[in-house]
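Annotated domain 'Amino acid transporter transmembrane' per TrEMBL: 32-427, in sequence order. Look at TrEMBL and you will find 35-54, 61-82, 111-134, 155-172, 178-199, 265-287, 307-329, 350-370, 376-397, 409-433 tagged as transmembrane segment.
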Amino acid sequence: MVSEAPQDNIDDEKLARQKEIEDWLPITSSRNAKWWYSAFHNVTAMVGAGVLGLPYAMSQLGWGPGVAVMILSWIITLYTLWQMVEMHEMVPGKRFDRYHELGQHAFGEKLGLYIVVPQQLIVEIGVCIVYMVTGGKSLKKFHELVCEDCKSIKLTYFIMIFASVHFVLSHLPNFNSISGVSLAAAVMSLSYSTIAWAASASKGVQEDVQYGYKAKSTAGTVFNFFSGLGDVAFAYAGHNVVLEIQATIPSTPEKPSKGPMWRGVVVAYIVVALCYFPVAMVGYYIFGNGVEDNILMSLKKPAWLIATANIFVVIHVIGSYQIYAMPVFDMMETLLVKKLNFRPTTILRFCVRNFYVAATMFLGMTFPFFGGLLAFFGGFAFAPTTYFLPCIIWLAIYKPRKYSLSWWANWVCIVFGLFLMVLSPIGGLRTIVIQAKDYKFYS
């Protein structure tokens, strides 16, 4: 009998250590979020600076296909988002706090990790790098507009200035602690979207506006069409952080977290529609196929308004960066603490997060033509995690009847998602090839 006591102690110690780790990790440490937290986290994650590229995507797709793809994407991604929210607590008493935990439940321990984690990391790290560049570019634009006679400063330095904010903000421990940053970001995304379409509308339709395809050759038109698809696919990519956001909402058997979470998602999606559709339609209607790939660049005047919009973009991108970085911090810290048995301390967190911010900053400075890279990578990773991975998991777990409504809905999403995944990298790759030939490092 005597030998059993130490074993119990060891088990208790193990549990205590696990609890200590859970309470320290960014995603599971605080579970007292309100439903509106999920609304603005989702808006911040979803409405990227990609919204400003939508009129350009429309010009590559044309009126009919453009409107169709926009609406289809909105519906499909809302449906897959609903699936994620439902699946968060489908096993009673257990919560899938991270995307890969859901993947492991559906595909098995090993395979689930291999399927989900690489895609999720490509998306999250990719977004962080792109936002470094976007933040830097918007700051540069602001500087040029406000002070026209100043000496022009390299983009590299603006990216460093932008990164300096994150060296401070990334030390906020978890999702709830960044909810203030996130709220500001969500308000900003609505503001600059409104500025973009309202300023376009007030300009009135340009004199020699054309709505045809811009490319001279058929091949060019087709490639542009693909890359337009890629742009739209990116605009709807908030699914990588959805379970992680839901993990912060409290849950009891009587009141599961999916209620408040879904309410937040619906509000977020209404805001997304208010940002995306007016910008895409009005921007394309006013400028036609002559629209720039960032609509704010097409609106030269009034300078003060465009400068304001650029600062709004910067503030929004700051919040967005944090939301996408949080799951990566969580993975890195989990790896260090659980697999490599580091102690969960503040110093460890300080080193890990500073390293990550520095790495994304460096990559952003090295490859500022990252937009094209995004269409390329995004097709590989954005389309699956957003459009069809949730559907495959749903089919694997719930096994709906063949040819039933649920079965059809999921297969339609999977086919549409695969279509995006195959086509948009083709367009993106061509963009990179075209841009890379006049590119200088650290220019």
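Placement of Cβ uses the backbone N, Cα and C atoms for every residue, glycine included.
What TrEMBL says about a protein is an automatic prediction, not a curated fact.
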Stretch among 35-54, 61-82, 155-172, 178-199, 265-287 sharing the most Cβ pairs under 8 Å with the transmembrane segment (409-433): 61-82
Beyond the flanks of the transmembrane segment (376-397) by at least 6 residues, Cβ under 8 Å: 76-77, 80-81, 83-84, 87, 90, 99, 102-103, 105-107, 115-116, 118-120, 122-123, 126, 230, 233-234, 236-240, 406-407, 410-411, 413-414, 416-418, 420-426, 428-429, 432
Contact ranking winner - 111-134, 178-199, 350-370 against the transmembrane segment (35-54), Cβ under 8 Å: 178-199
Contact set, same chain, for the transmembrane segment (61-82): CB under 8 Å, 6 or more residues outside the stretch: 54, 211, 213, 225, 228-229, 232-233, 235-236, 238-239, 242, 262, 265, 269, 272-273, 276-277, 280-281, 284, 386-388, 390-391, 409, 412-413, 416-417
